[in-house]
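Here is the structure we will look at.
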Amino acid sequence: MISLVKILHGVSINETIGTLDLSIRHLTFDSRLVETDDLFIAIKGTFQDGHAFIDKAIALEARVIVCEQLPAVINDHVTYLQVEDASYTLGLMAANFYDNPAAKLKLVGITGTNGKTTVATLLYKLFTELGFHVGLLSTVQNKINDQVIASTHTTPDPINLNKLLQQMVVEGCDYCFMEVSSHAIVQHRIAGLSFVGGVFTNLTHDHLDFHKTFDAYLKAKKAFFDGLGKSAFALANVDDKHGKVMLQNTLAYKKTYGLRNIADYKGKIIESHFNGMLMQLDGREVWTRLIGTFNAYNILAVYSVAILLEQDSTRVLTILSRLSGAEGRFDTQLSASGIVGIVDYAHTPDAVKNVLETIVGLRKNTEQIITVIGCGGDRDKTKRPEMAKVATKLSDKVILTSDNPRSEDPKQIIEEMEQGVPKDSRKNVFAITDRYEAIKAAVHLAQPADIILVAGKGHEKYQEIKGVKKVFDDKAILRALFAEIDN
Ligand SMILES: CC(=O)N[C@H]1[C@@H](OP(=O)(O)OP(=O)(O)OC[C@H]2O[C@@H](n3ccc(=O)[nH]c3=O)[C@H](O)[C@@H]2O)O[C@H](CO)[C@@H](O)[C@@H]1O[C@H](C)C(=O)N[C@@H](C)C(=O)N[C@H](CCC(=O)O)C(=O)O
Ligand SMILES: Nc1ncnc2c1ncn2[C@@H]1O[C@H](COP(=O)(O)OP(=O)(O)OP(=O)(O)O)[C@@H](O)[C@H]1O
Ligand SMILES: N[C@H](CCC[C@H](N)C(=O)O)C(=O)O
Ligand SMILES: [Mg+2]
């Protein structure tokens, strides 16, 4: 049991009904999870309004209700707290409930449309090899030292987030590297956390279903930097046209990285190969197993953070040269006949462009590039034609298929993708709704040395169709199909 007064530290309350002199068992924003003596907070969400579930929470013996609008009928056994912004309040209360774990370790947040998982994962690996105890919160997985905890979101909800951070503190973590999604910023999942630094990777088209306009998406990302304290660093990619804006109003000390523009941390690609790149970081050469200009940015961001966190540059470069990237990002396998299969999590137009440009840059001309690609349902529809357009432009053949259709009709999603295919390219574009059959068709179309890109699902081990998640793993499927043709 934790005292309500402690949980309310720093929270501004407009109106209080009932006593504050009590303790509660858990915090929850989901009425279905309420137990005796819990605090239920009503959130106005994307689909539902938590205020509609206050009665249910009380029926399950919630002791405290936090809400933006007080209900018409008040129960004498319950304390009601009316606040301006329930989502923000939830963030603060969750941090208090778990005794402000973020302040007890060095927390670095990484935001941007693409590259968050890669940068956070590389930082986790680098700092672990540097000898620290490290936590990671990412789309692929959460980690506390060696312990893996399944991830449900890129950035968890405030309760799970602070709980994970508290476990990291208990396990002696010195650092935590976490992805900060734009949803998390708008929904205040990170309210009340103290960061020692923030990183901006880039900003391109995504999530307009949620943010509605690109400007609102940009403002969401910027709010993260605006919220950093003056002892933190704010590190931005200045080759991205939005890099400077991110740093405009932050109190944190501003640092920049870039391959092209003047920056505090400079990088350069010297050579690119299918198995890695030779780069220059701050004038010193380093080999990396990652490939593509986009990964040169990721490596440079990781190096810059390590230097900002006062690590020895020689040790950092030595370790960086050994590190592999995150699972399902430019994940390459070869068939016995010599077909190159690449699984990549590219699910935005910019990511598809970057990955395909890297492949085009590395091929020797005679090989064809066959791309298998779909777009997620219940997500930004405006990126569908864009993703198909760029895939068609940079591939010899494209198979449009399903990603996670979720509640949508997969055929309709593919039709929306087809709108982006230029008329003169249609002969090279096929539609196969079943993702397994689409990958199989690509494998059968391919000749030795051809390159197959399977885009969009990367590390994901399931496919979500009409609310059902069935086991599905691009990498394993590709491996099995390669084995089949090789026998
Ligand atoms: C669109 C979105 O971001 N939704 C997130 C949001 O839910 P919400 O508040 O909008 O939920 P809602 O269904 O409208 O319900 C409103 C409130 O009523 C409550 N409720 C509802 C029903 C009931 O019976 N009782 C009850 O109390 C709910 O618990 C909720 O508090 O807050 C929840 C708790 O934090 C999240 O789990 C949920 O993520 C959903 C599942 C989701 O799919 N989110 C994705 C889009 C997401 O967050 N993605 C980002 C970025 C991805 C990336 O690019 O990497 C991420 O960080 O993962
Ligand atoms: N720095 C980058 N710039 C542009 N594209 C990138 C960059 N890094 C990775 N990508 C592309 O974006 C895909 C997703 O990368 P990653 O998982 O690191 O991004 P993310 O920001 O974590 O994505 P999400 O928003 O889904 O969490 C990669 O598979 C690759 O295609
Ligand atoms: N975390 C992101 C990634 C989407 C990946 C893609 N496979 C999809 O399902 O759309 C999202 O929820 O928008
Ligand atoms: Mg991610």
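Note that Cβ sites are derived from N, Cα and C of the backbone, with glycine treated the same way.
According to TrEMBL, the ATP binding site annotation covers GLY112, THR113, ASN114, GLY115, LYS116, THR117, THR118. Annotation source TrEMBL lists meso-2,6-diaminopimelate binding site at ARG379, ASP403, ASN404, PRO405, ARG406, GLY456, GLU460. Here TrEMBL flags 24-98 as domain 'Mur ligase N-terminal catalytic'. TrEMBL lists 110-305 with the feature domain 'Mur ligase central'. According to TrEMBL, the domain 'Mur ligase C-terminal' annotation covers 328-458. For LYS221, the entry in TrEMBL reads N6-carboxylysine. Feature annotation from TrEMBL assigns motif 'Meso-diaminopimelate recognition motif' to 403-406.
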* Asked: For the motif 'Meso-diaminopimelate recognition motif' (403-406), what is the mean per-residue pLDDT, to the nearest integer?
  -> 98
* **Other same-chain residues whose Cβ falls within 8 Å of the Cβ centroid of GLY112, THR113, ASN114, GLY115, LYS116, THR117, THR118, the recorded ATP site, in sequence order** => ILE110, VAL119, GLU179, THR201, ASN202, ASN298
* Structure fact -> Mapped onto three states, the DSSP assignment of LYS116 (ATP binding site) reads helix
* Neighbourhood of ligand 2 - binding-site residues from ASN114, THR117, PRO405, GLU460 with Cβ under 6 Å -> ASN114, THR117
* Tally of DSSP helical, extended and coil residues in the domain 'Mur ligase C-terminal' (328-458) -> 52 helix, 27 strand, 52 coil
* Structure fact -> Record-listed meso-2,6-diaminopimelate binders ARG379, ASP403, ASN404, PRO405, ARG406, GLY456, GLU460 have a maximum CA to CA distance, in Å, of 16
* Structure fact -> GLY456 (meso-2,6-diaminopimelate binding site) and THR117 (ATP binding site), compared by Cα position, are separated in whole Å by 14
* Taking the center of the Cβ atoms of ARG379, ASP403, ASN404, PRO405, ARG406, GLY456, GLU460 at the recorded meso-2,6-diaminopimelate site, which other residues in this chain have a Cβ no more than 8 Å from that point? -> HIS347, GLY374, CYS375, GLY376, GLY377, SER402, LYS457, GLN463, GLU464
* Asked: Reported as an integer number of Å, what is the Cα distance between THR113 (ATP binding site) and ASN404 (meso-2,6-diaminopimelate binding site)?
  -> 19
* Asked: Can you list which of the binding-site residues GLY112, THR113, ASN114, ASP403, GLY456 have their Cβ under 6 Å from some atom of ligand 3?
  -> ASP403, GLY456
